[in-house]
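Straight from TrEMBL, the features:
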- 25-102: domain 'Cation-transporting P-type ATPase N-terminal' (DOMAIN)
- 85-103: transmembrane segment (TRANSMEM)
- 109-130: transmembrane segment (TRANSMEM)
- 261-285: transmembrane segment (TRANSMEM)
- 305-333: transmembrane segment (TRANSMEM)
- 693-713: transmembrane segment (TRANSMEM)
- 725-745: transmembrane segment (TRANSMEM)
- 766-786: transmembrane segment (TRANSMEM)
- 798-815: transmembrane segment (TRANSMEM)
- 827-850: transmembrane segment (TRANSMEM)
- 870-891: transmembrane segment (TRANSMEM)
Amino acid sequence: MADFAFTADELSQLFDDRHFAELKAKGGLQAIAKGLKTNLETGLNEEQLSEEGRAGRVRVFGANKTDPPPPKTLFELMLEALEDATLKILIVAALVSLALGFYENPSSGWIEGTAILVAVVIVVLVTSLNDYSKEQQFRRLSQVADDKLIKVMRCGQQQQVSVYDLIVGDVVELGTGDEIPADGLVFASHNMKVDESSMTGESDAIKKNDNEPFLISGTPVTEGVGRMLVVAVGAHSQKGKIKALLQKEQEDTPLQEKLEIVAAAIGNLGLVVAILTLTVLVGQFGWRLYSSGQGFELHMLEELIGFVITAITIVVVAVPEGLPLAVTISLAYSMMKMLKDNNLVRHLDACETMGGATNICSDKTGTLTENRMTVTHVWLGRKMYGNSLPTQKDLAAEVHTALVEGISINSTAYITKSKDKNTVRQTLKISQLYPFSSERKRMSILLEAEGNVHRLYTKGASEIVLQYCDKIVSPEGKVTPLSDEEKEEIRVDVIENFAAQGLRTICLAYGDVPPQDNSEEPPEQGLTCIGIVGIKDPVRKEVPAAVAECKKAGITVRMVTGDNILTAKKIAEECGIFYGEGIAMEGREFRQLSEEEMGNVVPKLQVLARSSPSDKYILVSYLRKLGEVVAVTGDGTNDAPALKESDVGFSMGISGTDVAKEASDIVLLDDNFTSIVAAVMWGRNVYDSIRKFLQFQLTVNLVALLIAFVSAVTTGESVLTPVQLLWVNLIMDTMGALALATEQPTKDLLHRKPYGRHDFLITKQMWCNIIGQGIFQAIVLFFVLYRGESFFGVVSHSLEHTTIVFNTFVLCQVVNEINSRKIDHQLNVFSGILSNHVFLGILVFTLLFQYVIVEFGGSFTATTHLTSDQWMKCAGVALLGFPVGVVIRLLSRPFVQTDPVTKQTVEVDPAIVKMMWQKVKRASVHMEITEDVEKRRANKFKDVVQRKIQLNRMLKEAKGKGDLKKHQ
């Protein structure tokens, strides 16, 4: 392959300064294209796109991706884990113990110190492996999140390719809402404006044309369309250079921050217990020394070091490093699973926030409907075509031409099948393009023609385009004036008739105008109306059920659409969004509401039609002001403010613009409303998983601290050795996080109300479970410690006895881990356990490793062999945790009531008894109110029936006159 005329650095430098004179000195756009061997009309050819051709361009100019900083190695992560101050102290103490042990007893004195060091190594290794796995998962997700499809011209055909496959010399098609994927030079632009504020600080959008051709990667197109010659990609582009300077760590989510506060509080408690334990042990040691009259000898130092190690180990166990880890694991697991449910999570905190969503403001087209547009009704020049659409022979040649050109040319749609439309597009020369915008609700295109007359085609919202028409053309080609009175008739008989059937309506019009000098506003006055089409976009079959699930989940769904209000209401009714005494209104009415009126309307607002992006923003802002947690969908560039304002923004993966995707938290890969419901379920599951782990860890912490302290005070040493405590720490931190943070969500999560924005992490039911299980375990373990010798047939405080205490304690935690799977009133803690393979794997691993530690650990773990009878008794005592858990949940019900409809845990008001008595006294008043409500309902029903009778009478009369279609 021949060399190129420019190097990557030369082209990159061109965009550092962006001086037009430098571009001109290199020969301008045409010279750059020639130097890159690119045809601006057809793009790169087959030879250039071959494996060899692509490799050559990538070798010279680079690939369109920036390499992230290299991931931390496992060794680096292990060093990070060792940064923990308590672990450092523990290692130093273990080394001192090891040295003293060798000095005092070379044959076995080294065992305890070595065992502690091995336990620390295992803890560090498991922690670093977890961090390594987590980082790899997030890197994979980031790669998916940054990928997008780009429209390019290759081999004369429009194609879509991954942004990573873009190469220098490609010709890219750009439109409103697209993010510029690489540095390039614009050509064939029509009113194109780009927001370069993020790169240059310039607040106003910059108009791009032949005199201002530089397009900077990462900036969004705010208006217009055009083409771009790709000149610099990846690390050579402006975005790539800046990205290399802005690499940053993943920030903590709000839930992680909350849990770090909880972890600090628990850690402080552990520190207090550790200091008390150390004080008691040293005090007892000193008293023994004093009372015996002995002097201090070197071998006694080993005992003191043992006290320090025990105290430090208590701190290690008490500090719940597993809490933030559990959030990370749960979020990473949920993000991977949500991807399979067509939710691409861009911001971590969106997972947890979605669980508390109380409102969903949803678009209509593509989200609630299939986005499969089919023209089912046509009204052309005062003539209605019902199910039988007009053919070419039904229309005069000039009308057929106007219809075909208006539909084919006045569109930015990506056409894949029909060659005819592409042929029409290629034969006509576009003078000016005025793209669709949500404010204008229409688009126009100006075609060059011979002489001083150009042809303008306009299409858009029927009632808006109709305002600009003062003529109408019949199917026979006759053009006649169109009066305001007839426009009103068309609005009622055609537009509203179509809309009432749930059809979207588009008005097609044209006009012959003088040539325009790159005017930003189209000459849309005095147009000729061709006709109005009714387009059917069916509701997705699964949407009504999904909306019903949202209602059960305590979530209000609202439709926000740019469509006609009658169409919107009809579709909303089909979806189950518009019902009862709900309000439907248009955007122009909504934005004129006062603050007081807004307070009355918004809670009942179910449909907002003919809305603009600013209306959506106002609605979202007001709902959040009311304390609601709001999720909103958006696909257009102008939806970005509403997406940013919401608690969770959903952009459309198929129809959404790059700007909308960048502003969103989650991308719906299938544009489907049901995927939002899946996100709600996963969000609630994340929160529940963390609460389950918190319930488990607090129970283990409280019991471990209590046992260690009390046994130290009463026997002079902790019954649980440092190595055993480190094993317990591994069970409840890393293992517990893995087991409880990977639970699959169930539909039951949608049968309750959302958790509040400021709800405590620990509910009353959870406190009942924690305290109840803690008391049970304390009683059991103290019984085993102080009265267990006869039950187990062992010598009190022998190695066999302490092994049984340790074994019983660990088995209690295994049972407690299963009990912690339910944080509410549910009695069946085994429900769905077989579907969680990770949980089962952790349980099996814990039990097997515990068996190995007990049976084969020996002096290394301060354990000894237990008989099968002793194992059975340990297990039997631990298994009592299941019936105890049931009793705790049953006894707690008077304090934590359950709403049978929503299954939402609701705290009981202390004044409930007084309120009940007051309700009895007000019974008669309530009956009167009920009667009044029933009367109003009856009158409302009567009005509905009368309207139906009147409508039927009108239809019969129309049928008799043969004019049924007018009233359909």
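Backbone N, Cα and C atoms are what each Cβ position is placed from, and that goes for glycine too.
Small disclaimer: the values here were computed from a predicted structure and weren't measured.
Of the Cβ pairs linking the transmembrane segment (693-713) with the transmembrane segment (870-891) and spaced 6 or more residues apart, fewer than 3 are under 8 Å, so the two regions do not touch. Long-range contacts of the transmembrane segment (261-285) within its own chain (CB-CB distance under 8 A, at least 6 residues past either end) are made by residues 300, 303-304, 307-308, 310-312, 314-315, 317-321, 323-324, 694, 698, 701, 705, 708-709, 712-713, 716-718, 761. Simply put, out of 725-745, 766-786, 798-815, 827-850, 766-786 has the most Cβ pairs sitting under 8 Å from the transmembrane segment (870-891). The average pLDDT the prediction assigns to the domain 'Cation-transporting P-type ATPase N-terminal' (25-102) is 81.
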